[in-house]
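Engineer: One structure, as structure tokens, below. Some questions next.
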């Protein structure tokens, strides 16, 4: 014979009932709440009974002590052990699912073959490397790769049945609650409702000032509700009038969120919305689509031109490197050309530019200057003799 539960046992069961995570399901045609044994043990190990007080020992020190205490609660019929029975699907559904899976895999394989044929050999090599890396990972990660079809996560349905062996075991065992105490919040809400009903029935005994105040409050609340209903009807009538006059081109809504599933303040904003659905709107949409296409086409052309410029720069660099390695004579030719270009640039300037000149060039310039002076002297002497 099992005696009545003690106060401590009731307190522990109440703590478990409201703090241990529970789920609801059907059992023998009734809706019941159940919990898992391992989560109940963890919940009690985190409770106040697992901490030692002054002069007293902790009630729960190990998982075994919690299991022993839960066995006491089970014997006193706070909960009982249940068995999970999975529901089997009919054969037709399984066959349909298999056929769908085969069709999806066949389509994916065809798409892959088309993509791989269009790609270059480099892309294939990179794919092979990625596949090798994926092969080293866990099997769970293999399912997430883009090559494998993603399976839909489906929860398997089950039902509960009473277990023959009524013992509390630490693990994934299922236990159904029999003890269902009233929570303090529900008790408080019920008490408030009872007091409100009694106060409403005693309305004739209220003071005159309170009765007048309640009357005005009720009239104000009724007017507010009536105004909202009138607004809802008036906005529909206004929409219909504008829609008929404009031939369905203008859609004007006053307080569009008044009847929407939003908060009280959000139902009054925005104040109105207006949409034009005529031929011009269609033209504007087409123009926007064309402008977007042109922008994409321009960006593609720019990218192609940039690629060509990069390729030209690479080819010029290779040519310059080949000419540099051909010998010392080519170096001298290119140096002389560059010097002549520099001289032409400096001569085209304002005359304030400076340039570096070697000794050989200075000697050549002095020789040329002497020759020019001698020619000038000859020209000057020639006309003087003629005059004489």
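Using N, Cα and C of the backbone, Cβ positions are placed for all residues, glycine too.
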Engineer: Which range, 121-142, 143-164, 165-186, 187-208, does TrEMBL list as transmembrane segment?
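Structural biologist: Spelled out, TrEMBL records transmembrane segment over residues 187-208, not the other listed ranges.
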Engineer: Quick one: which of 22-53, 54-85, 86-117, 214-245 does TrEMBL have down as transmembrane segment?
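Structural biologist: In TrEMBL, residues 214-245 carry the label transmembrane segment.
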